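Colleague: Starting off with a structure, shown below.
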């Protein structure tokens, strides 16, 4: 798609311009898109102005001194209450009258997105329902009506002209400001009242996809009530409080601007506002972390608040120290994993139950240290503290020894420098990604080599881990335990400060260390001289420093994101729209405004929203760092999801040491990482961080790459290659600079992960080679003999005949990739024509595609093709034709598949079954070419074969051990002609049969005379004849008795879609035998490929160990089989499948090998991700711009826009896999 693809298509543009005025005005629908009577608009206008009229009555009564200000507000509120009750009562009445019978749409147009209302008269039910839709819940009817009355009364009291005059002055400029403020403020009130009591507009600030409980109508009124609350506080406190006076003046001006802020979506909806406020208070006020779910956030916020309240009431300073240290440690742990440990699961306490006494020991050590230091170094007065700080400045000249807190402060500075240096050495890039780390290994291709080359870095990471997790918390506790603020009187700020300070020591040791170091540096630089700063106390200083660090870092990331959007809109040719130059000029001219927007979004911790991802920036509404309301773990699954399911388990284990060593940087909540391995892309989000643990969510992006996906994936590969495969050339300037600095992705590290490697090969020269195909018959018979013998020993008689099992030595031949137990592939369905017809479920992929279409009839002529260019055309079986009516299925007759038709299995072999269209045989529903069916007969005789089973005589074994290897009697009843079996009798591998018998006797019998048992079995001719009959019958029935295979027949037999014969129908009735036969043929095909690649099998021992290897370590089947996905989840070492590429006309093999590979991981600009997700939320939930080719989803190689959209939580994003919350121990 070109850069000038429409931002909104024509239909969405019309829809948007109808919705946006409604949002601005709070709900009145003044642009309908169709013709409506004037009274519809008059009704809405009257209801919109009603609060102003009612408030005007109260204002007039007050101005005339008939009532005081309180009673004037009460009168206006009661009048509004009555109007609201009347309006809602009328809406509920009309809803009950029209609730049973609903009128169809007027135009009955199925393409109409919105219903066009036919207005009959001004008070018709349709008119009332259009103007006042009503509430879904009766509780909301009462609540919203009461709130509407209270809002009108308080607004009348809040906007009295005398009150405004007292704020801004009764003369001059103040008087000139009162009139516009009064008029425009009542517009704001009317907008809020209309959305509350009449009709709620769709908000641009939308957090939840659906407003189930009608919370949206409360948003605007509650913001107005918050403004009024400040004015109430000023009236009760009096005008002596200058801060409240200034705040009231500013808020009155902002009150007028509220409709603009609502229209731009800068004010959060109530649910997002509540979550954001709790998260900010927990992180910066109480020392906690952003939480992974809303429930955990609520519980942690309430728990931390209770701790702060308890701290306020503790009378002893020693008690405060011990209490806050202990509660800080406990709240910084993931206590939910303790419940998992109690239930017997695997918890993040890496040492299991041993972790509990170790944690208790660490806590006791911290408490002992804090108590001793607090008692040994009693708190000094302000003067002594100032003197001690001066002594630090004059370390060499003063005879006064430095204070203990000053010495510990110097130790904290040293710890910070060491840990930060060791952290920078761990990653692939340093200095914010601008420079490549020269110590990081380059051009490493194997996990073993990577571990060898990073041994020194891992040692440095372990040292950092010990310093950060053990030494630093104890040093910070010592610094706080001797703080002079503990000697002061208890205040709310100090209680909150100490609660936070001792909590952040454990919750985020690295961030806490940075904050304390900055406080110490400010003191050393003379920060004690400003009286106001020193009077705040250490703990309040830490809160302010934490806020400043957080907001400054957000500003840096946001300005980086804004510059990326601005610059790439011109430098990237595919992003350069016709309006790019104009937008750049506007941003340059309005640079102060752009900086103000960035600063405001950073101060509010709100996302910087690029409208349609263009360089048009808005302040998104504040929301939690997770950006989405739901619990992580929702995805859009498909058959490829299973690869991510396996990968995520292993990746989580590899991430754990990387997080602990600092390879991924600071790794705070809200950070996002991108992993890459072959065609797989993983999105890793950090949701929660505590002492010794981290909670992450891992998403898998689609594997079927679109054009946009491919462009960005290629750039991701280039970014990683520039960092990990960079070749240094001595003598060149700037050789260590990151060539892709400025990209949203910054490389971090390479992780060794045990994951499936996917390899696909073209089988040209193998499956079409006569020499190789000629060997397939013999290999198939040998493989079937081995499988039947093993089936008898292990499957049928396991636990009864076997007393001891011995493992098989696999010292023989290995396959191409060296290779698990393959579950029985379910056989296809069998449908018999007759009175006693039975339908068996089928699960092989070819049978799924074909449906239940087999029949036991054999009287129809077989299709043939005299001019077959690809070998003999196999016989195709007849198909039963069915026509589906409204209630039943009607049988039309029997037909056959046409010669030369394309097999649907090979065409869609690599596609998910759910994505295939419903297929019907040619002529279905038309009755074309179908034989005549006599429908007049009630009893149709069962059609049976004229061939009489020739092998139904009873067997008489001469060896008592032959029963162990006996086969079911039904397997000997193949309806095949005796001469056909007799001709193949010499093909039975007798030597191989006796060799397998001897090996299986040793394996199945734990004790006894093996040679005597083997000799008895060899002399039992009945046993050999039994296997000869069954093996040859299966070979003929499957269609594998041809002299030379052709590629088409081989592929069809591998897929279980062989040519129909009466013998194949019999084989399918014996489902277990059919599954074993199909498995044997697939093993033989795999053996064919291995022999063509590695050379022929040279001995029976080598063949035996090769088949045993297939049985133990391989899944050999189809990608669409259920067993394929089960094997991936169970981590079978190897998987093999055949495929057919119709476009190239070639047959391919696919091998998945489970081995340790290197997964590349990089960190993303977190503010860029939040900004793009904010735009996605606005664009889809408000503008409903769900066009799959919209501009904001097109590929952007620098911002990685398409991948970011994919990684959003459904329903806005579409990751194919999303893990549940993963708790990692990082201690």
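Here the Cβ of each residue, glycine as well, is placed from N, Cα and C on the backbone.
As annotated by TrEMBL, compositional bias 'Polar residues' applies to 805-821. TrEMBL lists 1050-1222 with the feature domain 'Pecanex C-terminal'. The feature region 'Disordered' is assigned by TrEMBL to 802-827. The transmembrane segment annotation in TrEMBL covers 39-64, 70-91, 137-160, 172-197, 218-238, 250-277, 298-331, 351-374, 583-604.
How about a rundown of where these features are and what they're close to?
Modeller: Long-range Cβ contacts of the transmembrane segment (137-160) within its own chain (Cβ-Cβ under 8 Å, at least 6 residues beyond either end) map to 51, 54-55, 58-59, 62, 69-70, 72-81, 84-85, 88, 92, 181-182, 185-186, 189, 192-193, 196-197, 213-214, 217-218, 221, 224-225, 227-228, 231.
Beyond the transmembrane segment (172-197), the same-chain residues lying 6 or more positions past its ends with a Cβ under 8 Å from any Cβ of the stretch are 25-28, 47-52, 55, 80, 83-84, 87-88, 144-145, 147-148, 151-152, 155, 159, 161, 164-165, 216-221, 223-224, 252-253, 255-256, 258-259, 262.
Proximity of distant same-chain residues to the transmembrane segment (250-277), defined by a Cβ-Cβ separation under 8 Å and at least 6 residues beyond the stretch ends, is recorded for 20, 23-24, 26, 164, 167, 180-181, 184-185, 187-188, 191, 203-208, 215-216, 218-220, 222-224, 227, 230-231, 294, 297, 605-606, 609, 618-624, 629, 1178, 1182.
Residues 278, 281-282, 286-288, 291, 362-363, 366-367, 370-371, 374-375, 379, 477, 480-481, 486-487, 490, 492, 495-496, 498-499, 501-507, 691 of the same chain lie 6+ residues outside the transmembrane segment (298-331) yet bring a C-beta within less than 8 angstroms of a C-beta in it.
Long-range Cβ contacts of the transmembrane segment (583-604) within its own chain (Cβ-Cβ under 8 Å, at least 6 residues beyond either end) map to 551-552, 554-555, 558-559, 562, 566, 569-570, 614-620, 622.
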